[in-house]
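Asks: Sharing the record's features from TrEMBL:
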| type | residues | note |
| --- | --- | --- |
| TRANSMEM | B:6-24 | transmembrane segment |
| TRANSMEM | B:36-57 | transmembrane segment |
| TRANSMEM | B:63-81 | transmembrane segment |
| TRANSMEM | B:93-116 | transmembrane segment |
| TRANSMEM | B:128-148 | transmembrane segment |
| TRANSMEM | B:191-213 | transmembrane segment |
| TRANSMEM | B:225-247 | transmembrane segment |
Amino acid sequence: MPDLDIKRLQAFGRDPIDVHVGAGECLCVVGPSGSGKSLLLRAIADLDPNRGDVFLDGRSRNEMSAPTWRRLVGFLPTESRWWFETVGEHFDERRADDLADLGFAEDVWDWQIHRLSTGERQRLALLRLMAHRPKALLLDEPTASLDEDNKRRVETVIARYRKDLGAPVLWVSHEPAQIERVSNRRFHIETRPAEAES
Amino acid sequence: MSVIALTPLDLAIAASLVLVLALISWRTRLGIGRQLVIGALRTAVQLSLLGLVLKFIFDNEAWWWTTLVASIMLLAAGREVMARQKRPLRGWWGFGVGTTSMMVSSFGVTFLGLRTMIGVEPWYDPQYAIPLLGMLLGNTMTGVALGVDRLLQSVIREKETIEQRLLLGQDRTEALLALSREAIRAGLIPIVNAMAAAGLVSLPGMMTGQILAGSPPTEAVKYQILIMFLIAAGTGLGVICSVRLTARRLFDERHRLRLDRLAG
């Protein structure tokens, strides 16, 4: 079972962050906007120049190439991007397991990207991310543009993924009710300095 | 083979046409009159100087004169490529990428043409080397400037999409593949169009010059075909090289998109 260990992680001159997420644990990252929540996730995924180190299952990200690392720590940005015409072209592997649970039928693969609603895009982006079977999940407001029903669907699918694979999950959320539902623990980020609270 | 010499009066009449155009621009507020006059003046001054320089190095044939003139042409082309980018790469890269690509492609293809096809002795004979290099550099410069500019603009516009692809585990080459292909195509379009239109719509300048100077049209045509092919090869090589180098610089060793390496 993998755990995610973040050591002295520092980007854009912000204060270094130390945080540990256990295997199968869901840690909600909270803090006012502009406090660096998204930047923290980007730094973990090694998308911006940063200092410090991140370990997954005891292995440092520096032991592997950045693309390999990013496949292991699945990062879901708030806004997803699509570059082919249809949904299916974006998937290497068409795994059906979570399809129905996220509210889609098999015909979704042929759907045109430009006809998707914001909410559909968000749920499909999660599906696309999980198709790679990442060992950890970094979620940046994964339900921001969803209605209540779909919000619950997404929460259920993520919870199952977390339990089945023992995946550590870092979840950025602004909703107190959702944080209450999904998190085992909270991690509070301040504008400049950041510290953990249990 | 003799050419009818042009008198200063002939040039003055031609110049008056440009002045009329500038006047029209001024009266109708097109706002291009000033640039038109400056461009015309630059043409007159730069080409006159070039005429003197060429006369001098034709009279003093030496490989290092040819090399010196060739280097100055290359540096000017490199500067021009960078000047045409809205947000070039910072530091020496902005100048270096275009210049290196054009040096490899234009110098390489010109050398090959002089040694194997035209077979002039010595190969650095400036009467052949300088005009040939000039045509190659001019066309390669246009292609390189277009290709690099297209790449940079589309990368700035598609930043989020590229990062999304990186996040899904694609490497820097894969994440940029569609955009760099498109950029290379954009750089090659002018020469592809020029080859397609040659002789049908447009009479290429070099051929026209040779014919005016009294060469038999069939000889002039052979030279023009050779030059077109050399230009196509040189431009293609230069564009591919410059787009690849630029693409490489846009990412670091951890496959991060580094737009902070662009100026502005």
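In case you wondered, yes, glycine gets a Cβ from its N, Cα and C as well.
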Asks: Have the transmembrane segment (B:93-116) and the transmembrane segment (B:225-247) got at least three CB pairs under 8 Å, pairs 6 or more apart in sequence?
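Replies: Yes, the stretches contact each other.
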Asks: Considering only Cβ pairs under 8 Å, which range in B:6-24, B:36-57, B:63-81, B:191-213 makes the most contacts with the transmembrane segment (B:225-247)?
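Replies: Answer is B:191-213, with the largest number of Cβ pairs below 8 Å.
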Asks: Could you tell me what the rest of the chain brings near the transmembrane segment (B:6-24), counting residues at least six beyond its ends with Cβ under 8 Å?
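Replies: The answer is 30, 33-34, 36-37, 40, 44.
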